[in-house]
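Asker: Have a look at this one before I ask anything.
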There are 2 protein chains.
Amino acid sequence: MPVNYHTPAATDLWPVAGVRLGVAAAAIRKPDRHDLTVLALDPGCRVAGVFTGNRFCAAPVHVCRRHLALGSDIRALVINTGIANAGTGEQGWQAATKTCAALSQLLAIDDRQVLPFSTGVILEALPVERLIAGLPACLADLRIDNWHAAAHAIMTTDTVAKAASRRFVIDGRNVTVTGISKGAGMIRPNMATMLGFIATDAGIAAPLLQQLLREAADESFNCISVDGDTSTNDSLILIASGQADVEIADPSTAAYAKLREAVIGVALELAQAIIRDGEGASKFITVAVEGGHDREECKRVGYAVAHSPLVKTAFFASDPNLGRILAAIGYAEIDQLDVDRVRVWLASGGKEILVAEKGGRAASYREEDGARAMSEAEIAVRVDLGRGSAHAAVYTCDLSYEYVRINADYRS
Amino acid sequence: MPVNYHTPAATDLWPVAGVRLGVAAAAIRKPDRHDLTVLALDPGCRVAGVFTGNRFCAAPVHVCRRHLALGSDIRALVINTGIANAGTGEQGWQAATKTCAALSQLLAIDDRQVLPFSTGVILEALPVERLIAGLPACLADLRIDNWHAAAHAIMTTDTVAKAASRRFVIDGRNVTVTGISKGAGMIRPNMATMLGFIATDAGIAAPLLQQLLREAADESFNCISVDGDTSTNDSLILIASGQADVEIADPSTAAYAKLREAVIGVALELAQAIIRDGEGASKFITVAVEGGHDREECKRVGYAVAHSPLVKTAFFASDPNLGRILAAIGYAEIDQLDVDRVRVWLASGGKEILVAEKGGRAASYREEDGARAMSEAEIAVRVDLGRGSAHAAVYTCDLSYEYVRINADYRS
């Protein structure tokens, strides 16, 4: 059960003009479930992508990078769940390119205008013939208001579908940003998340679109961790169809600022939804680090706390064993950290408690206050490093019996 | 229950001339258990230490570093379990120095000749009066053949006491190396382990002793991880009493080589015992990485695999979901790793199975062979990076329900 998260209703997801979605059951790994999704893009859409930093990156990630680098007008995305097509060598590359070829034939476009995505088990072969056989059903299902179905069709160990949508006005015209994502385990995105797709009907120049996507990824998917495991398939895509009749070319304009806020807002909502649905999660934890020399060291401290199995099990148990947080801050390898200047607070339900200062427990701290804060489903840890003005937030969940059960059972 | 480990019998631990040990119940955190240990050293002992890299290092670690840096002849070690005296600020420093002062008075030595050690809960105050009240009982118990009792008295969440002992001959004289360690969680030593104490009756010059200790730590305690959490209190101490009438001053001699082999052997046995008794461990896993540019990148890959909760839960479940190992190798941030040259084997019970090569699953790999290997209690993963001649091994355990239970319950 996710922590304070419900999939938005289908009617709460604004369609994005120029982007149609279709799903089908192709029996990629299991029968009778939607496991294949196609996004068909009208001519003129611009597409930007960021991908995993994992050296063993999946075959479809290689193909996506290549097709985006060619500068071809992307006209379709095809996504399968069940098999990740990673750790599949030459055979995996062939499966991904065959997929693009089959879809491009059906749509009468070039195969370099297709981006393929896969998610699921690593080191197993993608059943490409079954995938290709499922494509016509996807195309028959193509609809502009199908984001809700697509959000479901890309799930793996997710317990809920993840989607977010915003509509706002630029120069008197309605602009929409809608996105979906999936992921619950192997979540510590390096460049992006497991899979995320965001579209807007604003028009935006290609280099600026890529810049916007990098900023959005850095503020959202690159700030989350379930288990510290960076996936082989992480991909985040931003599509701008331009059909809202709003063209943005200058990052210093108010229009760009509005669009940026909406895209980052949708990206953050989708990224946090992944944590709320993190494998076995019973709590949603924000680690906000401030007072650092730079953002990078704030993130390093945030991730040290967010990755510590001892911190995560203490949250699961609602046990204010907060020395474990201090220990994690201490091993984050921050050069010349003066621990006497570090302060740590625990916050939940609108109340903030000073836990540690001057290298030790705060005089005002009461264990019963800590226990109360730890028992909430939404908890924030705030850390002030006391040596600068940079800050960053990292989002994670607790480590429960359920996490072990899910991952001990995943393939069976 | 530890994986294939039993504490050696008291009679299997050779005493080290010049080193006496005593234990007592001081009710540091819980009543009626031995939680206080003193090692009394004869004049002339040389002592070397390596300590945690955690910035929030415990007060006793600060005091140890200071006393060792002063070059004072160390004559006593005092170790309490229950409270780590870490994250305790100025008060913690006072508690550690008071402990040294009290013991030095009882032994009629200088307080700078005492090294203090603590292990247990972080962020709670050390009950120094109770500790001091327990010292006379420790001194009354001092015996040369008390290593077994001391190994028990330093335990925290350990389920078994850890000790190792070797005797060998140099220049016709018997030389002994005996050591004890503790630790089961918060185990990812950076400089040393949670607590380890090794003594030899060989004589060895101080700088060489320190060099030997660093080498031994690097080959043993610095190659293990239970949960990736580097403790605030890690300390490894090597004592050379010189009473075997063997003096070693030159690292190029056969005598040094013999001593080195024994010290590293004892250290590795103690370090591996910590993993075998890792919190919730049901399997002992060796990750052996070869073919790297340097030892450092081999260790980086080894730790990426050893820290992955997904890999660790797959081992717990005996599920050959080996793509998770590939993913971990892939995100270890090895520059320009050519994944097509990486090979991965799984070994247990004397059999080795090639799992992956050329970027994917090996043609000869059969899932039933993988499942059989994964079901054993001792498993080795061998990784060849295919780009050099360096190698390193990292030791870890699986991640089980029991790990979560222990750490959700630890303080209660």
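Note: Cβ is positioned from N, Cα and C throughout, glycine not excepted.
What TrEMBL records for B:THR193 is active site, nucleophile. What TrEMBL lists as substrate binding site is B:THR156, B:LYS182, B:THR193, B:GLU279, B:ASN407, B:SER412.
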Asker: Across all protein chains in the structure, which of the binding-site residues B:THR156, B:ASN407 has the highest Cβ count within 10 Å?
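Answerer: Most Cβ neighbours within 10 Å: B:ASN407.
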Asker: Under 8 Å Cβ to Cβ from B:LYS182 (substrate binding site), same chain, six or more residues apart: give me those in sequence order, or none if nothing qualifies.
Answerer: B:THR81, B:THR119, B:ALA151, B:ILE154, B:MET155, B:THR156, B:ASP158, B:ALA161, B:LYS162, B:MET194, B:LEU195, B:GLY196, B:ILE274
Asker: Determine, from DSSP, whether B:ASN407 (substrate binding site) sits in helix, strand or coil.
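Answerer: Going by the DSSP assignment, B:ASN407 (substrate binding site) falls within a helical segment, counted as helix.
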Asker: Could you tally the C-beta atoms, other than its own, that fall within 10 angstroms of the C-beta of B:GLU279 (substrate binding site)?
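Answerer: The answer is 27.
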Asker: Given the binding-site residues B:THR156, B:LYS182, B:GLU279, B:ASN407, which pass a C-beta cutoff of under 8 Å against chain A? Sequence order please.
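Answerer: Only B:ASN407 pass the 8 Å Cβ test.
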